[in-house]
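*Asks:* Let me begin by handing over the structure; questions about it come next.
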Amino acid sequence: MGSITEAIGKRTELSHDGRDVAITLAVCLFLATLTTGLRFWLSRRRRPLFSMPESMTLASLLLFYSYAVATYLILTIGHGGYPTSQTQSWRLTFTLKCVYYLRLAYGTGLGLVKCSILMALFRSLAASSKAARYAILVIMALCISWSLMATLLSLLNCRPLSYNWNLQRPEGHCINRNAAFMAVSIIDVVTNAAILVLPLPRVIRTKITRPEKLVMASLLVLGLFVVAITAVRTVTIAKTDFSAIYDNGKMIIICTTVEWTVALMIANSPVLWPLLDWLAPFHSMENAKSPFVDTNMAAGEQFDYIIVGGGTAGCVLASRLKQYNSSLSILLVEAGPDASNHPLVPDGSKATQLLGSELDWTYETVPQKHLHGRVLSNHAGKALGGSTTINSGGWMRGAKEDYDLWASLVGDSRWSYHGLLPYFRKLEHHFDPFADPEVHGFEGPIKTESVSSTGRRYPLRQLVQEVWDSVGVTFNSNINSGSPYGLVEVVENRDHGMRQMSSSVYPLDVEVMPETLVKRVLVEERDDQKIAIGVVLEDKDESQIIARQEVIISAGAYRTPQLMMLSGIGPAEELRAYGIDVVLDLPDVGRNFADHVAVSQWWQLKHPEKGLTIGSPAFTDPAFFRGNPIDFVALDSVPLDGLRQALVKDDPNSNPDEHPLIASQRVHVETFTVYAAGNAQNPTIATDGTHITTGVSCMLPTSRGSIKLADRDVRSAPRIDPNYCATEADRYVLREGLRKLRKALRDTPAGQEMIESETVEENYDPLGPETDDEALDDLIRRRAA
């Protein structure tokens, strides 16, 4: 009994001054709560549901709260703060029970947060190498084992269990707690060091900006601090007399509290990344270097590579070539201007205002004979960055079957879906850091956002989902998984609602010649081969620029065949008709042109006063304008029996079962619902919040058109003939898509709750359940665009 009384006295004297523990606890609670709260606030703006790492971090924080409460009780209600003369046995028992709980909470809570960090690292690093994947799994197994070991030792270090808090029981005994707790602490140090080292190879190999380096350095310093403080605790445990634990108990509690807090801060490190968005403009200004050259400077010069067309692909190609070999000299020639400072370009929601502007080529088709002879507008970006300067930013990966068909056609598996998947991951900075790393990339230059991740909660979202579910088009949580079937949420390549042009996303450390047309490609014959050696510019001197290695034409689907034909490469008969010398007779240049076509409809809402669409005075949430006013795209197939008949009608000698549209599962039709109205095809509909717009698109058209010369002047637009809706198969797909849409909006409870009526042009009838093929074909001819 004497030794127990002495121990009580020591505990009382040393725990009487617990201010340093209390202050440490308060500061750590504030930091852990702040970083976790910020993380969850940011996450809720991006995703409606908890991810597994977030759930584990939250559980760890809750255990940390209980740990803090137990420590505070020790300092106040428990044995702490009372002189020996006032010591009561219940206070000693209460204190030891709290200490017992501290050990249990620590083993479980810190194990959870370590696994949370490792899961985040797995998402980021696992796709890069098998070694990284196995290393993370091994360390995670070690962390789980450590957590179980710490918990079990806390439970079993004294027998019977009550001896942990009732030291007066004569039959009680404890294991060598110094050795046991040192083993736990040493393994803790090892796992902390392993987690710190894991991302270092990727950080060293990856080229990152100065702000990103600042964030990574901060995380590494925090990691080193954790390793150091757990090492200090290990030494302290070795010196601790567990029969009088308060001799060194405060230092153990302080080290444990700080370790847990820093681990939570590291787990919540995503809150640091918005800082990069704020620092990015300053970093860009620091490193700004004008890449632009004028015609006079470039004329007569030689470059390793000349890329004609600084659009979506041209900018990426120039950037990647330079990254591959920084010694290369590369010239990028673009017909349009640098639009990065254009007032309408940065804000992605202003896309429709850019159509028909000076940044748009404003192409028109020839009269379409299958669409009542209508001439349709075909927009294309005329600026550095191409159509990424004017488009709406939709981000949709094709179906696996599309890429596999490419691979089959060319006999090269690298063009298959799985062959291209590493490149899909490489270019993508996916909005959900905890998505499947086998499917998505997280360190690419192109940032993506979903409707949910931007915090857009459109009023009609639930009804639209119910409408499609009622007709068998069920929700698919990932549009970009290679299997885009069903109702999918829209994803955009935006950064906080701002446009991402290829010219800004991919660093152009090359020479750029904007607002310059290439008149033709220079070709000479060497050893019976035609070799492109340079380009002639469309200027008064017809300046020539020579390529030492290659000339690459990346001028888009319209201008690339035009430039080839103006250079004498194409169908010989057509070239001679325009007085162009034939360099190489290639009859397929400009042939087999294919393009999507969509049929729009307008639907009057039943309750527009609720502020359901753009134009309504009540449709005011700023989040609604962070992207396109749309929640979902419905991707569906059509009845195959009817499609077989349509294919046979187009080609009576074919076997429809061998046709790609039949032979495998395909998305035939796409339907979108836009929360806005107003269209040149139906100017009587105002954008006043009373209507929505739908569009039905043929995703895999079988109609084929052409791009031909209008004359021999490169400044003239080519003759664009998509030959829309020339095949019965395309018309059948559109008819079936229109029928299903009408059924969804007019025959289902959700559709009837949402829609009052279809609005059509004067002298035409709305679609009905008995609308025949002829009437649907007429609608297609009137509305297809």
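Cβ from N, Cα, C; glycine included.
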*Asks:* Scan 357-395, 747-785 against TrEMBL and say which stretch is down as region 'Disordered'.
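*Replies:* Feature region 'Disordered' in TrEMBL: residues 747-785.
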*Asks:* Near the transmembrane segment (21-42), which same-chain residues lie under 8 Å Cβ to Cβ, leaving out any that are not at least 6 residues past its ends?
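*Replies:* Distant Cβ neighbours of the transmembrane segment (21-42) are 54, 57-58, 61, 64-65, 68, 71-72, 75, 250, 253-254, 257-258, 260-261, 264-265, 268, 270-271, 274.
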*Asks:* So which residues does the transmembrane segment (100-122) touch in its own chain, when a touch means Cβ under 8 Å and the partner is 6 or more beyond its ends?
*Replies:* 52-54, 56-57, 59-60, 63-64, 66-67, 70-71, 133, 136-137, 139-140, 143-144, 146-151, 153-155, 164-165, 184, 188, 191, 195, 198-199, 253, 256, 259-260, 263-264, 266-267, 433-434, 437
*Asks:* Limited to the domain 'Glucose-methanol-choline oxidoreductase N-terminal' (556-570), I'd like the whole-number average of pLDDT.
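*Replies:* Within the domain 'Glucose-methanol-choline oxidoreductase N-terminal' (556-570), the model's average pLDDT equals 97.
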*Asks:* For the domain 'Glucose-methanol-choline oxidoreductase N-terminal' (381-404), what does DSSP give as the number of helix, strand and coil residues?
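*Replies:* When I sort the residues of the domain 'Glucose-methanol-choline oxidoreductase N-terminal' (381-404) into the three classes, I find 9 helix, 2 strand, 13 coil.
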